[in-house]
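Undergrad: Dropping a structure here in structure tokens format, bear with me for questions.
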């Protein structure tokens, strides 16, 4: 699953749709973790969509990631500021790719 310490153990290597990207990133095979409040490990995400369905405040949007070995799209936490910390996404993710931490 996602490393719950990624916010301090991984360097910030970029910014995407208003949230940080934690590296390393070597596109298209290694995409890192997207988000700080709601972190999605893009290298674990298999795009089954359960988090998108479960989230009551629409934190996630699909993001195309052609060429990634796990899946060709990811659940991107573009609206992480809207998170109400219900943990529905964490609880339904089949590969434990999501970590939520209030700011």
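For all residues, glycine too, the Cβ spot is worked out from N, Cα and C.
The shown structure was predicted, so the numbers you read here are calculated from the model rather than taken from an experiment.
Residues or ranges marked as region 'N-terminal extension' by Swiss-Prot: 1-36. Residues or ranges marked as Zn(2+) binding site in Swiss-Prot: 19, 34, 76. Here Swiss-Prot flags 29 as N6-methyllysine, drawing on experimental evidence. Taken from Swiss-Prot, the feature domain '4Fe-4S ferredoxin-type 1' applies to 35-65, supported by sequence analysis. Taken from Swiss-Prot, the feature [3Fe-4S] cluster binding site applies to 45, 51, 93, supported by similarity to another entry. The [4Fe-4S] cluster binding site feature in Swiss-Prot is assigned to 55, 83, 86, 89; the stated evidence is similarity to another entry.
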Undergrad: Minimum Cβ neighbour count within 10 Å among the binding-site residues 45, 51, 83, 86, 93: which residue?
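TA: Looking at the binding-site residues 45, 51, 83, 86, 93, the Cβ with the fewest others within 10 Å is that of 86.
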Undergrad: Highest Cβ count within 10 Å among the binding-site residues 55, 89: which residue is it?
TA: 89
Undergrad: Which state, by DSSP, holds residue 51 ([3Fe-4S] cluster binding site): helix, strand or coil?
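TA: DSSP call for residue 51 ([3Fe-4S] cluster binding site): helix.
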Undergrad: With the [4Fe-4S] cluster site defined by 55, 83, 86, 89, which remaining residues of that chain have Cβ atoms positioned within 8 Å of the Cβ centroid?
TA: 38, 51, 54, 56, 57, 59, 84, 85, 87, 88, 90, 100
Undergrad: Between residue 76 (Zn(2+) binding site) and residue 29 (N6-methyllysine), what C-alpha distance do you get in Å?
TA: 17
